[in-house]
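Trainee: Feature list, courtesy of Swiss-Prot:
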- 1-7: topological domain 'Cytoplasmic' (TOPO_DOM)
- 8-28: transmembrane segment (TRANSMEM)
- 29-149: topological domain 'Periplasmic' (TOPO_DOM)
- 123, 127: heme binding site (BINDING)
């Protein structure tokens, strides 16, 4: 009977350790999960205010403003329905251009300014992330989204 209780205790302890490990993994996964939003979704209030997320769309033509310090850049990201001002301090990718696709990761300030800590540019003229193409299509720009797939 004593050996049976030991085995039962080991099984319960093993299951508890397994459950704790799974909870820790899920917690770490959720903290590192980054969601993707369009400027229209941000304007509608769907984006989180207190955590990092990605915003994607096209860099609006004529919107790039470089600051005197040479590393701070401000530009507008649009999904053709709404636009969002993005500030970024750092080196932009070589393929970053007006009228091209972009995905920026960062946080939204109280005054609807997106402060990016990472900017990713579309890597070739025939590619657009599926999320961005779908978002552009949902925003009412099916011709543009189809042309950029």
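Any Cβ shown, glycine's included, is placed from N, Cα and C.
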Trainee: Averaged over the topological domain 'Periplasmic' (29-149), what pLDDT does the predicted model reach?
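Mentor: Residues in the topological domain 'Periplasmic' (29-149) carry a mean pLDDT of 83 in this prediction.
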Trainee: Please list, for the topological domain 'Periplasmic' (29-149), how many residues fall into helix, strand and coil according to DSSP.
Mentor: 24 helix, 42 strand, 55 coil
